[in-house]
Structure formats: C-alpha cells, structure tokens
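Accompanying notes for the structure given below.
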Amino acid sequence: FLGAGKPPMYGDYEAQRHWQEVTYNLPIRQWYFNTSDNNLLYWGLDYPPLTAYHSFVCAYIAKLINPDWVALHTSRGYESQPHKLFMRTTVFVADLLVYIPAVILYCFSLKETSAKKKASTCALCILLYPGLILIDHGHFQYPLSLGLALWAVLCLSHDWDLLGSMAFCLALNYKQMELYHSLPFFCYLLGKCFKKGLKGKGLVLLAKLAGTVLVSFAACWLPFGTDVEQIMQVLRRLFPIDRGLFEACMFSSPTHCPDKVANIWCSLSVLIKIKNVISPRTQLKLSFAVTFLSLLPACIKLTVQPSLRGFKFALVSCALSFFLFSFQVHEKSILLVSIPVCLIINEIPFMATWFLLVSTFSLLPLLLQDGLLLPYAVTTPAFLAVCLASFSILEKTSAEDLQLKAFSLSLKGYVSWFKSFPRIVRSLFLLSLSLMGVLSVLSAAVPPPPRLPDLFPVAVAVLSCLHFLLFLGYFNVVILWDSRNRGQKKIS
C-alpha cells in the first residue's frame with residue numbers, strides 16, 4: 001500500500017490505524033483538536049463522527065487481540081502481517097455487512113431484471129467493478145458510506161422515504177463527500193412532496209422527512225453538540241478550504257506527480273497555472289459557481305418531474321459535476337460517480353461499462369504508486385469480459401439502447417449522421433480502449449523524459465477528464481430529454 005514503511009506518514013493504511021489509536025485512547029472532546037497527544041498534522045481525523053465511531057469499534061477489537069496495535073504514540077507506523085490481516089478483515093466485514101447486501105438486494109428489486117439470472121448477472125458486474133476493489137483493498141478505505149448510500153437508494157425505490165433519508169444521513173455522516181449525492185436525494189424527495197401537494201399529504205411527508213434528518217444528525221453529533229467550539233472544529237476539519245483548489249500527492253517527490261486528478265481544474269492547469277493566477281478565495285467561489293451551474297438543469301428536472309429513473313441518472317450527473325468542477329477533489333472521489341453508474345448498468349450497459357472502465361483508468365497514477373499494477377491489469381480486462389458476456393454491450397449502441405431516441409428525433413432533419421450513430425459509437429469506444437491500453441503500458445513500463453517527469457500522469461488525467469466531460473454531456477441529455485419515466489410507479 002502507498003507509503004508502507006516510509007516515515008514520517010506511512011500512508012493511508014496508517015491513517016486508518018492511527019484514527020483507531022486516537023479514538024480509543026483519547027476522550028471524544030480531543031478527537032478533532034490539536035493536542036500533545038493528537039498531532040493533527042499526522043493523519044488528524046478529517047471525516048465526520050460516524051467514521052470516528054467506526055474507528056473506535058475497530059480499535060476496541062484490535063485492543064483485545066493485540067494492545068500494541070493501538071498503543072498511544074508507540075504504535076505509529078505499525079505494519080505487522082497479523083495487523084494487516086486484521087485491517088483487511090475489517091474492510092471485508094464492512095463489505096459483507098453493508099455494501100454487498102445492498103448491491104444484491106438492489107439488483108433483485110429491479111423490475112427490468114426480474115429474472116433471477118439477469119439479476120445475478122447485474123450484481124456480478126457491479127461487484128466486480130475494479131475501481132472499488134482496488135481502492136478499498138489496495139489503497140485501503142472502507143466502503144461504508146457508499147454502502148449506506150446504496151441502502152438509501154434501495155429504500156427510496158420501495159417508497160420507504162424515511163428509512164432512505166435516514167440511511168443517506170448516515171452515509172453523509174460517515175464521509176462528507178456524500179455531498180456529491182445530496183442534491184438528487186433532496187430534489188427527488190422535495191419533488192415527491194410537491195406532487196402530493198404541500199397543503200395535504202405532501203406537507204406531512206415534508207415534515208416527517210425534516211424530522212428524520214434532524215434526528216439522524218442529532219444522534220450522530222450528540223457527543224459534540226454540547227459545545228459550539230467542538231462543532232466548529234469538526235466542521236473546520238471536514239472542509240479544509242486552505243488546502244487549495246485540487247489535491248496534491250502527499251508521498252510524491254517535490255517535482256513528481258503533484259495535483260493529477262482527472263477533473264477540469266487539473267487539466268486546465270496544464271495550460272494555465274490557475275493556483276498562481278487566482279487567489280484561493282476566488283478559486284473557491286469560481287469552483288462553487290461552476291459546479292452549481294453544471295448540476296442545476298438535472299436538479300430542476302428532477303424536482304419538477306420526480307421519478308426513480310430520473311433520480312438514478314441525476315445521481316450520476318450531479319456526482320460527476322462535483323468531481324469535475326468542485327473544490328478539493330481527490331482521485332478516488334470518482335468512485336462517488338461510479339457507484340451510481342453501476343446502478344444503471346442494466347439500463348445502459350454499453351455507456352455504463354465504458355464509464356466504469358474510464359473511471360478505473362483515471363486512478364492509474366494512484367494505483368501505480370500503490371504497487372497495484374498487476375491487480376489493475378487483471379481486474380480491468382476481466383470486468384470488460386464479464387460485461388461483454390453478460391450484456392453483449394457492443395450490440396447495444398443504437399440511439400434507443402443509449403436512451404437517446406427522443407434526442408435524436410428532436411434533431412431529425414438537422415443531423416444526418418444519426419443513421420450511422422451505432423457504428424460511430426462503437427468506433428469511439430474501441431479507440432478509447434486503445435488509448436487507455438497504450439497509456440497504461442507506457443505509464444507502467446516506459447520512463448518519462450527527464451524534462452517531463454509527470455508526462456504520463458498528466459496524460460492520464462487529461463484523457464480521463466475529456467471522457468468525463470463527454471459523459472457529463474451525455475447523461476444530461478438523457479435526463480433533460482426523458483419524458484417517459486418508464487417503469488416508474490405513479491407518485492400520488
């Protein structure tokens with residue numbers, strides 16, 4: 001894993017272990033504050049309270065097995081094989097308890113995949129998505145926030161709106177990056193309230209939803225709610241605006257691999273050094289404005305015409321807008337887009353498979369630093385093979401298969417190439433695969449020119465960003481031109 005055996009920071013694995021050390025040995029009021037026992041510059045807690053509580057539970061179990069694993073100060077950089085086994089087991093248990101059941105139940109609840117064989121195929125493709133496997137078990141993080149968000153989507157698909165709201169509040173209180181999904185949840189539920197009428201059932205539902213959100217947040221923040229300074233300090237840790245517009249690789253050398261995230265700001269910085277031209281405050285305002293404008297159309301459409309199908313596509317579009325344009329984005333944040341894409345793989349298997357391959361490719365520089373070249377080289381082609389066998393994706397490239405029939409009809413008479421659209425899409429897909437394959441080999445096997453040490457990471461980021469911009473346009477077209485809401489229950 002990244003940083004293993006390399007002081008002073010050791011890597012993301014050590015971050016998770018250190019949080020266990022801190023939460024077990026220090027009182028709650030010190031978890032987010034800089035003290036002599038809690039140096040925030042050394043992997044200080046910067047996730048919401050549920051992450052801290054989860055770290056405490058893991059630490060309690062670790063203490064029972066071997067107290068050295070969470071001993072205050074002396075456990076720093078601990079990397080024994082038994083401890084690695086324990087830490088990876090905690091990730092696997094989180095998968096088994098939260099993420100995997102949500103995926104399986106979601107796939108079996110889909111009306112479009114009523115047959116058990118089709119549901120099993122859909123679940124298999126989602127569970128084999130290489131990006132999440134490589135990040136969770138290679139880069140080392142827990143899938144709990146994504147799993148809880150999936151449970152929220154599952155609940156909403158059964159009209160269990162209060163349970164869905166609670167599940168999403170828990171996801172948001174585990175990782176603040178779930179804000180990527182927050183607006184579609186808000187707009188969909190608000191739209192349902194409008195449809196029911198805000199002078200009757202809709203008002204009652206709105207009151208219940210507001211109460212559920214307040215109670216869920218109050219329960220999560222209760223230990224910190226007695227002191228305003230505690231709450232403000234946690235918020236400062238969750239939203240560190242002083243870090244700058246985009247992320248830097250903490251373990252790279254000063255001249256190698258900084259700021260290589262596949263979003264618009266990093267890609268533009270190749271031509272314009274944004275950080276040097278615009279002040280940090282202006283960067284924050286610009287990022288907020290562009291992000292808000294890019295997700296506004298999908299949110300308005302979802303509020304005015306709430307449907308489960310529109311909700312799932314809006315999750316993709318809004319999360320992708322956040323990834324491309326928002327402030328302080330990490331490479332692995334693309335998973336927040338990929339998981340909603342997994343939810344619609346049964347509806348648009350070709351585009352979903354293509355996006356999931358690109359999202360994994362965008363993580364390549366991070367995966368190479370983690371020493372995950374071989375797992376990447378094995379899981380990515382395997383995932384493509386399963387999708388080809390399960391969905392016959394190359395045969396589903398017509399405008400209708402890609403949910404673009406309404407859009408194509410609106411352009412009829414203006415754009416003549418729509419007749420050859422399937423062939424063009426397949427050609428672009430094969431070209432995309434070829435470019436990603438060649439760049440993957442070059443990144444892994446060819447040393448970069450001395451004058452351009454970041455050539456390959458930059459190329460990966462820019463190529464991925466171009467893909468994501470096209471995908472954003474595609475998903476917004478599908479959302480805005482969709483008037484059928486097929487397969488959806490009427491909201492009454």
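Cβ from N, Cα, C; glycine included.
Here TrEMBL flags 85-108, 120-142, 148-172, 202-224, 310-327, 334-361, 373-394, 428-446, 458-481 as transmembrane segment.
Tertiary neighbourhood of the transmembrane segment (428-446): same-chain residues 350, 354, 357-358, 361, 364-365, 368, 373, 376-377, 394, 397, 456-457, 459-460, 463, 467, selected by CB-CB distance under 8 Å and a gap of 6+ residues from either end. Contact count against the transmembrane segment (148-172) (Cβ pairs under 8 Å) is highest for 310-327, out of 120-142, 310-327, 373-394, 458-481. When Cβ distances are compared across the two stretches, the transmembrane segment (120-142) makes contact with the transmembrane segment (334-361), since 3 or more pairs at least 6 residues apart fall below 8 angstroms. Between the transmembrane segment (458-481) and the stretches 85-108, 334-361, 373-394, the greatest number of Cβ pairs separated by less than 8 Å involves 334-361. Across 85-108, 334-361, 373-394, the stretch most heavily in contact with the transmembrane segment (310-327), judged by Cβ pairs under 8 Å, is 334-361. With a cut-off of 8 Å between Cβ atoms, the residues of this chain six or more beyond the transmembrane segment (85-108) that come close are 13, 16-17, 58, 61-62, 65, 69, 116, 119-120, 122-123, 126-127, 136-137, 140-144, 146-148, 150-151, 153-154, 157, 342-343, 346.
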